[in-house]
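Novice: So TrEMBL lists the following for this protein:
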- 99-120: transmembrane segment (TRANSMEM)
- 141-159: transmembrane segment (TRANSMEM)
- 190-211: transmembrane segment (TRANSMEM)
- 218-242: transmembrane segment (TRANSMEM)
- 329-347: transmembrane segment (TRANSMEM)
- 368-390: transmembrane segment (TRANSMEM)
- 410-431: transmembrane segment (TRANSMEM)
- 452-473: transmembrane segment (TRANSMEM)
- 493-515: transmembrane segment (TRANSMEM)
- 536-562: transmembrane segment (TRANSMEM)
Amino acid sequence: MTVEEVGDDYTKDGTVDLRGNPVRRSIRGRWKACSFVVVYEVFERMAYYGISSNLVIYMTTKLHQGTVKSSNNVTNWVGTSWLTPILGAYVADAHLGRYITFVISCAIYFSGMLVLTLSVSIPGIKPPECSAANAENCKKASVLQLAVFFGALYTLAIGTGGTKPNISTIGADQFDVFDPKEKTQKLSFFNWWMFSIFFGTLFANTVLVYVQDNVGWALGYGLPTIGLAISISIFLMGTPFYRHKLPTGSPFTKMARVIVASIRKAKAPMARDLTRFHELPLPDYERKGAFPILPTPSLRFLDRASLKTGTTHQWNLCTITEVEETKQMLRMLPVLFITFVPSMMLAQTNTLFVKQGTTLDRKITGNFSIPPASLGGFITLSMLISIVLYDQVFVKITRKFTGNPRGVTLLQRMGIGLIFHILIMIVASVTERYRLKIAADHGLIHQTGVKLPLTIFVLLPQFVLMGMADSFLEVAKLEFFYDQAPESMKSLGTSYSTTSLAVGNFMSSFLLSTVSEITKKRGRGWILNNLNESRLDYYYLFFAVLNLVNFFLFLVVVRFYVYSAEVTDSANEKEETKVIDNNNE
């Protein structure tokens with residue numbers, strides 16, 4: 001390469017190697033680096049869903065917990081697993097960087113998986129054995145056994161807090177948005193990222209769940225632990241090829257400074273002249289591989305934070321870019337709130353949907369029976385197929401009409417997913433009503449442990465539809481929060497997506513307990529230990545109405561949402577920014 005070619009080969013987005021040196025795009029990053037990240041995710045998701053998919057069955061059959069308690073324990077743990085990424089994103093963005101935070105979190109994650117496997121394997125630590133026929137007289141797990149089991153679960157949850165928000169961001173960081181070719185490649189990254197995730201999930205929902213139900217929990221949890229060890233090893237092998245972004249300071253502190261400064265200057269008269277607002281010289285940003293963000297008309301109250309009033313203390317004066325970064329994160333909050341309800345629906349797939357399957361005929365041929373949690377594999381298959389069709393067919397067709405490289409906007413894609421969620425709960429309600437009718441027709445309403453003469457595949461439509469909904473909503477949600485977050489807060493933006501799932505699971509726990517208690521007091525309970533005596537059809541219909549109301553709120557949010565300009569747009573506005581810099585000087 002000539003000197004000029006080598007200069008052009010360096011990335012322009014501020015990425016560096018682990019020693020802080022600039023990197024060349026021909027050596028690091030792109031799909032070469034992403035291949036390690038994607039393969040890691042296949043094995044890691046196999047490990048995570050190998051635990052979560054069938055957890056409600058373990059708590060029911062081994063810990064002998066009822067429907068509400070076991071479901072809530074699952075959703076509370078899953079909620080914690082999706083909430084801790086906020087802490088992981090903070091540590092990555094403010095202190096250690098994404099790579100170091102990720103590696104340390106992997107060690108915590110693996111230790112939790114290892115102890116969890118031991119807690120279901122070693123006599124004295126694992127719960128006492130008990131036959132299904134004598135379930136009512138089973139000896140309960142001791143305090144020590146519960147402490148080890150749940151301690152391992154929540155250690156695992158802490159570990160995922162540092163891996164989940166950073167691994168997808170590390171993958172996205174391998175593409176330089178200032179290079180036209182890499183920018184195009186990045187558009188499809190999140191689709192194929194989700195595609196890789198659900199390969200691992202499919203294996204967990206089929207092979208691992210079958211092993212847990214038919215071979216044993218020791219091997220059923222041991223295999224995911226081995227899978228996690230493999231995934232971490234694969235990620236570390238790709239270290240020489242990764243691009244890294246340096247920590248840029250705490251996003252929470254930056255946002256707090258903007259809010260405090262704007263409040264302190266609430267009575268200061270607003271100015272229209274840009275020279276009255278504080279901004280750093282353009283070279284200060286270019287040295288970091290960044291660009292200033294131009295002022296926007298939304299949330300104008302916050303503009304006072306960058307208004308020059310004489311004092312230069314950091315809690316009294318912020319830059320225009322810091323104000324705009326805060327605006328971007330705040331503008332996404334209404335969208336985040338809208339995603340809570342569909343996240344509640346996802347929580348049902350690992351709890352009540354699985355519990356329904358335990359009451360149905362699971363036999364396929366001879367002595368082979370499908371585990372109830374394996375129906376989750378159809379969510380995966382449906383999503384895999386839907387993503388491919390979306391990327392290869394839907395986008396190409398809609399692009400001709402809209403001119404949008406994505407086919408439709410991210411919020412429009414999310415809206416289609418929300419419509420699917422309404423349909424899912426209507427179908428689930430109708431299916432459950434039919435299941436209850438079969439139980440009544442055969443005099444099995446008050447029977448426990450007796451399978452209904454109805455195939456488990458009657459539940460298939462709600463699982464398949466959930467996969468289709470995920471291909472629209474979940475993919476768009478992840479891409480939206482990453483895309484709309486400012487460059488210095490990408491990990492925090494990604495954690496918005498995980499926060500959505502966390503709150504959805506906690507809300508599911510709250511609603512399940514509340515509805516169960518209220519309906520039991522008023523007569524026939526909607527959620528009982530014996531599902532044949534329950535009215536899950538009413539509960540699902542309630543969810544359908546909740547999703548409908550949520551969709552109308554979503555339309556209002558979309559009406560007022562303004563997309564953030566891409567960072568490359570700021571790069572194209574250098575001349576205007578230079579005018580501001582010259583005036584500031």
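Glycine residues also receive a Cβ, built from the backbone N, Cα and C atoms like all the rest.
Could you place these features in context, so I can see how deep they sit and what lies close by?
Specialist: Long-range contacts of the transmembrane segment (99-120) within the same chain: residues 18, 47, 51, 58, 62, 88, 91-92, 126, 145, 148-149, 151-163, 166-167, 170, 217-218, 220-222, 224-225, 228-229, 232, 235-236, 239, 242, 244, each at least 6 residues beyond the stretch ends and with a Cβ under 8 Å from a Cβ of the stretch.
Sequence-distant contacts of the transmembrane segment (329-347) (same chain, six or more residues past either end, CB-CB distance under 8 Å): 75, 78, 251, 255, 298-299, 302, 411, 414, 417-418, 421, 424-425, 466, 469-470, 473, 477, 480-481, 484-486, 489, 492-493, 496, 499-501, 503-505, 507-508, 511, 543, 546-547, 550, 553-554, 557, 561-562, 564.
Within its own chain, the transmembrane segment (410-431) is flanked in space by residues 335, 338-339, 341-342, 345, 348, 353, 458-459, 461-462, 465-466, 468-477, 479-480, 483, 537-538, 540-541, 543-544, 547-548, 550-551, 554-555, 558, 561, which lie at least six positions past its ends and keep a Cβ under 8 Å from the stretch.
Beyond the transmembrane segment (452-473), the same-chain residues lying 6 or more positions past its ends with a Cβ under 8 Å from any Cβ of the stretch are 194, 339, 342, 345-346, 349, 353, 356-357, 359-362, 370, 372, 375-376, 378-387, 390, 413-414, 416-418, 420-421, 423-424, 427-428, 431, 434-435, 438-439, 442, 444, 532.
Listed by sequence, the residues of this chain that lie at least six past the ends of the transmembrane segment (493-515) yet keep a Cβ under 8 A from its Cβ atoms are 68, 71-72, 75-76, 78-83, 85-86, 88-89, 164-166, 168-169, 329, 332, 336, 339-348, 351, 477-478, 481-482, 484-486, 526-527, 539, 542.
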Novice: Six or more residues beyond either end and a Cβ under 8 Å away: which residues meet both conditions relative to the transmembrane segment (141-159)?
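Specialist: Those are 51, 62-64, 77, 80-81, 84, 105-113, 115-116, 118-120, 125-128, in sequence order.
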